[in-house]
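Enquirer: Just dropping this structure here.
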Amino acid sequence: MGLSSDQQQALDIQNHGRRNKNLNPLQWDDKLASDAQNWANHLAQQVGHMQHSTSQERPGQGENLFWGWASPGPYKEPYMHAAQGWMNEAAKYHGEAIGQGNDSAYGHYSQLGPWIEK
């Protein structure tokens, strides 16, 4: 089964940013997507607010959270909006070591790997 238009747009946005840094492209991973959706469902149904999972709950996986809303009707293109929002944080990153700058301003972007895999 192929990706939805929204999923493909999100992947394209992230890979465009990675291409600009000469990094290998990401590939969609159904297991990661399923794990992320399961956590989102858990938050929506049982927790009621944004909360990162523990590293034990997602071994070997990073995690970016995103929320949005729409009125009326369903939120359109949530994957694309999340990816674009995370990539927009690139403008706030100025090459400093992670954890020694304004990490809260570019932390999601940092998870997309703009300085690794060279």
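Note that Cβ sites are derived from N, Cα and C of the backbone, with glycine treated the same way.
Checked TrEMBL, it gives:
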COMPBIAS  1-12  compositional bias 'Polar residues'
DOMAIN    5-118  domain 'SCP'
REGION    1-25  region 'Disordered'
REGION    46-65  region 'Disordered'
Enquirer: Please indicate, using numbers and ranges, the residues of the same chain that are 6 or more beyond the region 'Disordered' (46-65) and have a C-beta under 8 Å from a C-beta there.
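Expert: That would be 32, 35-36, 39, 82, 86, 108, 111.
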Enquirer: For the domain 'SCP' (5-118), what does DSSP give as the number of helix, strand and coil residues?
Expert: 58 helix, 0 strand, 56 coil
Enquirer: For the domain 'SCP' (5-118), provide the mean pLDDT of the predicted model.
Expert: 86
